[in-house]
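*Asks:* Pulled these features from Swiss-Prot for this protein:
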{"type": "COILED", "residues": "29-154", "note": "coiled coil"}
{"type": "COILED", "residues": "185-235", "note": "coiled coil"}
{"type": "COILED", "residues": "264-541", "note": "coiled coil"}
{"type": "COILED", "residues": "643-695", "note": "coiled coil"}
{"type": "COILED", "residues": "1081-1107", "note": "coiled coil"}
{"type": "COMPBIAS", "residues": "16-26", "note": "compositional bias 'Low complexity'"}
{"type": "COMPBIAS", "residues": "709-725", "note": "compositional bias 'Low complexity'"}
{"type": "COMPBIAS", "residues": "787-802", "note": "compositional bias 'Polar residues'"}
{"type": "DOMAIN", "residues": "898-964", "note": "domain 'SAM 1'"}
{"type": "DOMAIN", "residues": "1020-1084", "note": "domain 'SAM 2'"}
{"type": "DOMAIN", "residues": "1108-1177", "note": "domain 'SAM 3'"}
{"type": "MOD_RES", "residues": "Ser236", "note": "phosphoserine"}
{"type": "MOD_RES", "residues": "Thr237", "note": "phosphothreonine"}
{"type": "MOD_RES", "residues": "Ser239", "note": "phosphoserine"}
{"type": "MOD_RES", "residues": "Ser687", "note": "phosphoserine"}
{"type": "MOD_RES", "residues": "Ser689", "note": "phosphoserine"}
{"type": "MOD_RES", "residues": "Ser817", "note": "phosphoserine"}
{"type": "MOD_RES", "residues": "Ser820", "note": "phosphoserine"}
{"type": "REGION", "residues": "1-29", "note": "region 'Disordered'"}
{"type": "REGION", "residues": "439-463", "note": "region 'Disordered'"}
{"type": "REGION", "residues": "709-738", "note": "region 'Disordered'"}
{"type": "REGION", "residues": "759-834", "note": "region 'Disordered'"}
Amino acid sequence: MMCEVMPTINEDTPMSQRGSQSSGSDSDSHFEQLMVNMLDERDRLLDTLRETQESLSLAQQRLQDVIYDRDSLQRQLNSALPQDIESLTGGLTGSKGADPPEFAALTKELNACREQLLEKEEEISELKAERNNTRLLLEHLECLVSRHERSLRMTVVKRQAQSPSGVSSEVEVLKALKSLFEHHKALDEKVRERLRVSLERVSALEEELAAANQEIVALREQNVHIQRKMVSSEGSTESEHLEGMEAGQKVHEKRLSNGSIDSTDDTSQIVELQELLEKQNYEMAQMKERLTALSSRVGEVEQEAETARKDLIKTEEMNTKYQRDIREAMAQKEDMEERITTLEKRYLSAQRESTSIHDMNDKLENELANKEAILRQMEEKNRQLQERLELAEQKLQQTMRKAETLPEVEAELAQRIAALTKAEERHGNIEERMRHLEGQLEEKNQELQRARQREKMNEEHNKRLSDTVDRLLTESNERLQLHLKERMAALEEKNVLIQESENFRKNLEESLHDKVSLAEEIEKLRSELDQMKMRTGSLIEPTISRTHIDTSTELRYSVGSLVDSQSDYRTTKVIRRPRRGRMGVRRDEPKVKSLGDHEWNRTQQIGVLGSHPFESDTEMSDIDDDDRETIFSSMDLLSPSGHSDAQTLAMMLQEQLDAINKEIRLIQEEKESTELRAEEIENRVASVSLEGLNLARVHPGTSITASVTASSLASSSPPSGHSTPKLTPRSPAREMDRMGVMTLPSDLRKHRRKIAVVEEDGREDKATIKCETSPPPTPRAVRMTHTLPSSYHNDARSSLSASLEPDSLGLGSANSSQDSLHKAPKKKGIKSSIGRLFGKKEKARLGQLRGFMETEAAAQESLGLGKLGTQAEKDRRLKKKHELLEEARRKGLPFAQWDGPTVVAWLELWLGMPAWYVAACRANVKSGAIMSALSDTEIQREIGISNPLHRLKLRLAIQEMVSLTSPSAPPTSRTPSGNVWVTHEEMENLTAPAKTKESEEGSWAQCPVFLQTLAYGDMNHEWIGNEWLPSLGLPQYRSYFMECLVDARMLDHLTKKDLRVHLKMVDSFHRTSLQYGIMCLKRLNYDRKELERRREASQHEIKDVLVWSNDRVIRWIQAIGLREYANNILESGVHGSLIALDENFDYSSLALLLQIPTQNTQARQILEREYNNLLALGTERRLDESDDKNFRRGSTWRRQFPPREVHGISMMPGSSETLPAGFRLTTTSGQSRKMTTDVASSRLQRLDNSTVRTYSC
């Protein structure tokens, strides 16, 4: 076998050989190619190792066969050679010995041994070649690993740092290499042990060869002695010579195959024998040489094994190195292990349940053993009773013979006959009890099988859940990576904007200084004007005084007229203050300017300390706090003391994904709002710097207003979210003073007017989206909807009226996260990578901004933004899901146009699907069109629903929703209002005859007729298992119905196979009982409230037996005087629908189920009389004229259930267009039904002969 050398792996590209630094993606691709090559090489090595092991096992088997043949030949040789020698000596001396052996046969056997030895040598050489090949492969693999050790270690660390969610393929490769080396080490030890055994056998063979050589030497000596005797016996008698000749002739006849023996020459025979002995000696010597060669080769094999062991030691050293790397990688694997531990804890809990089930099984087996012993005792008693019966019969025959003469014996015989009848009754009771015990035994066995099936299903669900969790985690990791890149890009852009805003601020400060100097010049000019007016005459004095009053008034109202009017800032009046001098105005200007400088310095500190120039720092801090709470809450959910069910885990994963999506959406919106804010700042700076100077030259009072406006702009423009003003009494007036007289460009004013109109809109469900997509609504930006008026009184009024807008528009300054704070308590996600990245910076910023955080906390309290508890969070999620369904109802969307969250809410709220199915649908189904297009096999493959009844449930629900939400549904299948959803008012119209029709619009999720159980889950699988089945007297099937999620919609679609296989309803009577229960629901149009109302009405009266439950039937049996037999129909399937609708179910069937003995005629007569009375008073069944014992159904039953409904499809007008083939619906038609109650008749009158499709969920 040739030694195949593995091809080398191209580890480095030409770029890397030249030493150039390649990009991260190229190195990753090369490394992945390298790992793929190593994995392929590992597979090849495993294949060669497997083949080598097989060949080694074959060689060992062959070696054992050769050893066995050699031992047998050796024994034959040892046993044959002495006899041959003795026979030869006897023949030569003329004695009457045995015939000489067949040396030709020995030579043939010797040749066969030689050929077998050659074959074994070839096999040994092949094994050596294979072992050499394996050693070369291992050396090649070791070279590869040592060559790429550094790159492997770096990439393992890099991969683990990037994706902490799972274990990389490199770790798996290292583990595989370690297992391969350990396997080769164990194999080498096995080979060494076998070599030691073979060497021991070779030494034993050498000893045997030495003994054989000694025997050959002794034979030679005997031959020499025989030759001497032959020389001395030449003068023997002729008769002895003739006998020798005959012996020689015999030898010649036997050795004729050699062709070298002369029958007349004894010496030639001896020579021949000597030659044969020499040949055999030569062959034995060759055998010995070959054995020595074999021993030398075995030594070589041992040396090779030693080298292989050294190689294995080297590989073990490499493995230790890799194990160190693996330990480093295992530190990153702890997160996954924690989640695995939670799953393991759940598995342990399931295992504990299985152990408890096993214990219960053992108890049941012990009880069964006891019952079997009781049964044996009862059988023995039965035999004794039978023997006594036979003896009694014999005695009866004897007494019958004596009956004519002994009349007294007849009385005694009658007594004995009565005793025998009693014994027979007891025997019948015992047989019935035995049958009952056998039935219980079968039920226990079935329960055991069901428990095992449930355990298997739990394992499958756990596996699916772990797969879904892994897939969701990988997807969230990818989204977080993209999120991080986009956030970093936004950071760079915002840093550029901050620098530009710094430049704008410097320009503003310069313009402010210029305006101060201009104000000083204006005051000088005014003082000169005053002097000139004093010098002028008395004729011009009134006009000048008026102008002075006007200018001073303008000056007052432009700067500080509203600063101290905090008490009446909510009114539309402007209260004038006493006049102040020019020094008062100058005192106010530094205040405003210092306020702007203070704000700007604080903003600089925030930007430098945080290096995180977001506009929504408060949002990030709030999200950080919320995320911190959510992390601990999610860890509580994962802990064993918290909620460990699958639904909570799926809900938590969905919250994490929603939080990630929300953060991505917020980043995009912040980017857009940042761009809009930059344009706004540029426009403001340009308008203030250009218009302010012109206004200063023309109107002196207006220049001061412009300065105040610029200072207010400077105080409100920092991008940090912590610049929210404190809610003090002076803040509204000061805010109006700063904001009320500002001029904006015309296009920006129009944009602000649009924002104000949008904010005043009453659609609360879209408010947050509009606020986030539009620029942030600061108080100044929202209120500034007017240009500079001619009268400052009107300006003040407009500012005051604008200040009375809702608090949501006036509480923040430049805080774009104010709207996102509205959404903060709605959904709390996990702490994202952005929160981790900037958490420390925000903490450093919190130390300096504690005062601003207090005001923000006050604003949050005023807006109701407190942290919600766990129950409130669940209620909010539930309300959000109801709102999704309500929105779909309000828009009238077909099912194909529903989005993914609406479909998931529909599955969870209305359908009641398990949490793992909901999680799988959330991951795989993104719209109603995808859900409605899924076939049965796709539902099983994509969503993982393996139970056929679960698939039936989902398929029927999808078909129903598609047909109900279809815009092409005919009017006959709709409600009187023409809407496919029945409103609350229409429901009242259907149930209350005195009420008139109300509005068509209503809440779809509150009270629809056909979907009332859909919205509230009234007739879902919980109701079927917990209430309906016990009311039928079939509570033993509750667990199966609950496992299969059987709801009212599925009842009419269950086949016999489903009942027998999936629901374990093997008893035909129980299936019949279930069928009549379904018929009862059909007659009530699947109306649970009507069913409960009629049951409540017939609780204490013998009427309306159709709706009687099993408990009501038991109470009726107790009331008629059969209390001792009443409990026998528990779990028997006897209920009112069976009595009222099954014409084959008569009093004898009920007596059999009640286990009333046939001898108890009195109880049976009571039952017959009361049963007939029950049928006459509470059902539509009547006694037939021909036979009093048989009953028949009334004509109403035959009309209400036509023959074609027996096959499972009830056709009705208007339903064939919207419903698929085989989809069964019930009809409620005024012409085809006669309802007994007034409510039902009034409902039919208001339906106007239209059909209402009713199904539950």
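Note: Cβ is positioned from N, Cα and C throughout, glycine not excepted.
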*Asks:* From the DSSP assignment alone, can you count helix, strand and coil residues within the region 'Disordered' (439-463)?
*Replies:* 25 helix, 0 strand, 0 coil
*Asks:* May I have the DSSP-based helix, strand and coil counts for the residues of the domain 'SAM 2' (1020-1084)?
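*Replies:* DSSP classes over the domain 'SAM 2' (1020-1084) add up to 48 helix, 0 strand, 17 coil.
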*Asks:* Given pairs 6 or more apart, does the coiled coil (29-154) have at least three Cβ pairs under 8 Å with the coiled coil (1081-1107)?
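*Replies:* By the criterion, they do not touch.
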*Asks:* Of the residues in the domain 'SAM 3' (1108-1177), how many are helix, strand and coil by DSSP?
*Replies:* 48 helix, 0 strand, 22 coil
*Asks:* Treating G and I as helix alongside H, and B as strand alongside E, what does DSSP give for the domain 'SAM 1' (898-964) in helix, strand and coil?
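*Replies:* Output for the domain 'SAM 1' (898-964) reads 53 helix, 2 strand, 12 coil.
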*Asks:* Along the coiled coil (264-541), what average pLDDT does this model show?
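*Replies:* Over the coiled coil (264-541), the predicted model scores a mean pLDDT of 86.
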